[in-house]
Protein chains: 2
Amino acid sequence: MEEFELIRKIIPTYYRQPSVVKGVGDDAFVFRSSEDIVFTTDTMVEEVHFSRKTMDTHAVGYRALAANVSDLAAMGSRPAFYSVSLVLTPDWTDEEIIALYDGMEQLAGKHSMDLVGGDTVSGSQTVVAITAHGYLPPDKGRYRSDAEDGDVIFVTGTLGDSRGGLEELMNPGESVSGHLIARHRYPEPKAEFAAGLTSLSRLCLNDISDGIASEANEIATASGVRLHLQKEKVPVSEELRNRYPDQAGEWALSGGEDFELLGTVAPGEKEALLEKARELDIRLTFIGTVSASDLPEVLLHSPQGTETLQPTGYTHLKERRKRL
Amino acid sequence: MEEFELIRKIIPTYYRQPSVVKGVGDDAFVFRSSEDIVFTTDTMVEEVHFSRKTMDTHAVGYRALAANVSDLAAMGSRPAFYSVSLVLTPDWTDEEIIALYDGMEQLAGKHSMDLVGGDTVSGSQTVVAITAHGYLPPDKGRYRSDAEDGDVIFVTGTLGDSRGGLEELMNPGESVSGHLIARHRYPEPKAEFAAGLTSLSRLCLNDISDGIASEANEIATASGVRLHLQKEKVPVSEELRNRYPDQAGEWALSGGEDFELLGTVAPGEKEALLEKARELDIRLTFIGTVSASDLPEVLLHSPQGTETLQPTGYTHLKERRKRL
């Protein structure tokens, strides 16, 4: 395919966002906003963060943009724009390139996002670097540092499914779980939900990209509080529990890339949160509480006792004390 | 060096731009603007766009950001923020990484820009992907499509020096030209100049990243006009002409990466343009005129006759007619 024909297939023919002043085609993109602007970037390297052996490029594109949309969601913002910088190896076919952009477009369409820039260059290893912009009503940014003593902790969706889907792809057995694979390839960032919570006066949010163990510790550190998680309440899908009974619990805590949301609110705002979740048909689970602490940490409570949950997984309290 | 110590050396300890709402450290960066926002990206791959064999990483960083600042300048905007996505090979030392950021910081400081995000991942080929944001008074965007019949064409600085500097680095002779090498390593994008021209009612601008032959054609196509360039007037430095008498003329037209500005204005605005150039001690040269045309094209006039200037260099008019 001629380069120009390829570009024509990729660049937008219209913009969903009315705030576009100058779209693709000049030295830069120009937009206008009466709201605050949220900006994030995410870089994926082939054979490090994804593999064309286990994912077609449509899913690679979708998932790369999903990571950015999830960051926008974690700030409470409405997604608006994305740009794509690609380093492509010579073996990429035109069809693979178009499918990559189509995958992004599938998610972009759901969130009314516009493709507004980027570039494509040649290299010896494929890199997909995406940036995204979102809009935010002034002073409605949702930060990791906003958890307070007495808050309840919630999480959207179920956790560990993306890790389960990766397992299905890497080590396929006699049967495969389409559900888990879909959760890995086409995660659904909860941006509409997060942006729909502007009535809440305070909301601490973090998206689950590295696993709840890691994200909960980020909240504890940024807010200077102790998080208490009830292990039995961490939501795990039936599919994951049935297919991976031995790993489901651990993957739910440290599996990562589910692109769900972890947050805390004052107990009085639980009902508003549940109402928005019901409206959007999103599963919402309360999994613990926040308490004041001089030492930021995350405790995992279960009938078997209490452990400290480390950022990269969990170790027994005894072990952790040795480390200090 | 520990990863955290390295990050501490890189992340900003304060922000120059008062519009920062939430800086580095959460899921995304948040800012506020009463003006229009300009956004651009530029991706450089090692051994394709730069080489550590001919440039230390300080210059690599400076130059990568300069390409972005030049794009912001070409839109008439004031630079404000940049973010850096790096794919680094294992051979990068801590010192090289810090020097890369220091190089960017050197240019960022000149333009009051803040580092507001990015990520660093491992890979088998180094990639430096930078994004930048600038501010623009509403409706003061300077586009390639704004050239009109009767305009005069101007260019800042001298052209071809960066190409000359590259030659000095790739094929060093008995003596080297520090001036040309500095022009290649540390180009000076004309953002302050471009953003200082808001009194002009209309201004067509393009930055010279691929060579004036290419950029002039972009203006002709976007504006639907004919550009007439006077070859003898295209500004070439004495240093370039002395050291490369045979190539200087061609490099000035197609050398690229000078990061100067090419533009057109109504003749009545020449004086305002010159005044701003004098104020900032910037060389400004008028090199031609714009005329109406059904066929967008760039003509290069010289005492030897008239040629059509093709985007990637120049060919004789006769040859071009064959192509059509």
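Including glycine, each Cβ sits where the backbone N, Cα and C put it.
Among the candidates A:Asp56, A:Asp71, A:Asp161, A:Asp246, the residue that TrEMBL names alongside A:Asp27, A:Asp207 for the Mg(2+) 3 site is A:Asp71. Summary: among the binding-site residues (A:Asp27, A:Asp42), the fewest other C-beta atoms within 10 A of the C-beta are counted at A:Asp42. With a threshold of 8 Å between Cβ atoms, the binding-site residues A:Asp42, A:Tyr101, A:Asp210, A:Glu257 that neighbour chain B are A:Asp42.
When the binding-site residues A:Thr41, A:Arg144, A:Ser209 are screened for a Cα within 10 A of the Cα of A:Glu257 (substrate binding site), the ones that qualify are A:Ser209. If you compare Cα positions, A:His49 (substrate binding site) sits closest to A:Thr41 out of the binding-site residues A:Thr41, A:Asp119, A:Asp207. A:Asp207 (Mg(2+) 3 binding site) sits 10 Å from A:Arg144 (ATP binding site), taking the C-alpha atoms as the reference points. Residue environment of A:Arg144 (ATP binding site) contains 23 other Cβ atoms, counted within 10 Å of its Cβ in all protein chains. Cα spacing between A:Tyr101 (ATP binding site) and A:Thr40 (Mg(2+) 4 binding site): 19 Å, rounded to the nearest whole number. Comparing A:Thr40 (Mg(2+) 4 binding site) with A:Asp71 (Mg(2+) 3 binding site), their Cα atoms are 7 Å apart once rounded.
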